[in-house]
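Annotation source TrEMBL lists signal peptide at 1-29. According to TrEMBL, the feature domain 'Partial AB-hydrolase lipase' maps to 57-115. Per TrEMBL, the feature active site, nucleophile maps to 191. What TrEMBL records for 361, 394 is active site, charge relay system.
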């Protein structure tokens with residue numbers, strides 16, 4: 001019992017350090033200055049990944065897969081990084097390779113799909129099963145910091161929430177993959193990647209370019225979210241406080257944070273898989289070594305305004321556009337005093353959907369997912385596959401060592417039928 005108490009104390013300490021440093025890093029706006037006032041470079045060239053630095057070079061080609069770096073520019077000027085894995089590891093192209101677009105969640109980037117060993121990572125599994133794989137990276141993440149006129153050191157760069165991901169990032173990536181391949185796309189999203197897709201689908205967007213959608217840890221309604229950190233942050237208006245103090249970038253990836261976490265995680269009796277528990281719920285299937293890989297690459301920045309938007313959803317229990325909490329401002333943006341609602345019941349009943357959610361997930365809570373499923377109650381029976389894993393939490397779907405057999409194999413069986 002004494003040993004157990006000590007272990008719990010160590011893990012609570014580690015979690016506490018994580019939270020404190022996360023907010024401290026954000027509060028001081030810590031980030032490496034990517035541009036110098038006298039260097040004569042624009043944001044596009046200064047922030048483009050070098051040939052030796054991008055996701056292809058560091059996470060894909062090292063495992064023997066061909067990979068291409070691409071960029072796409074959104075209508076509002078953000079330059080997004082994308083990666084293409086065109087063929088299986090052997091290099092042999094197999095006939096007509098259907099494109100699959102993988103979209104990550106909040107505070108993550110495209111590396112989400114590459115954290116596990118190659119025989120377990122969804123991106124590599126799809127490539128080896130004959131698909132052409134595309135990785136999306138939302139604005140504000142490491143390799144998507146470019147803009148046609150703004151630097152990420154400009155507060156205006158961070159004036160967006162997930163509304164803009166629906167309106168600009170998703171259309172740009174869909175259009176680009178469609179133009180490159182000439183084919184309709186299978187979409188796979190995790191967490192925020194599902195919310196952005198659902199927001200688009202209920203507005204009848206992207207459907208002409210879509211074959212099917214896979215939603216892992218689906219996020220729509222979050223009013224019953226049990227994550228203690230997420231709920232406490234929302235109920236105490238933490239994101240709003242940061243925003244009011246002119247902190248526009250929420251940057252949890254600071255050198256001090258990573259070094260301290262690695263030091264804490266190396267202590268005897270500390271299992272750092274528990275660090276994720278406070279955020280995600282108790283993940284069943286993470287190998288402790290995966291946390292080291294995670295900390296080498298994640299978490300990534302997002303906008304403080306995006307966190308304000310999500311906090312509004314947690315408090316209100318609705319799926320609506322960003323609320324400026326001012327009728328005049330809402331009128332200016334939306335032509336009505338209250339933000340428009342994303343109506344999940346408007347998703348076409350014949351859209352092939354695969355939803356997988358977990359009983360231990362503290363971000364995509366079972367009760368909230370059931371609200372989403374209730375919105376889909378009239379969905380065509382042969383177009384909706386719902387998978388429930390009682391022991392899975394939020395990170396298990398992208399980092400769990402059993403995800404291949406539990407989730408990815410059924411997922412790929414679904415794709416082959418579409």
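Just so you know, glycine gets a Cβ as well, placed from its N, Cα and C.
Whatever TrEMBL says is automated annotation, not expert-curated.
Structure with TrEMBL features highlighted.
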residue : record                           : Cβ within 10 Å
191     : active site, nucleophile         : 27
361     : active site, charge relay system : 29
394     : active site, charge relay system : 28
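Broken down with DSSP, the domain 'Partial AB-hydrolase lipase' (57-115) shows 12 helix, 19 strand, 28 coil.
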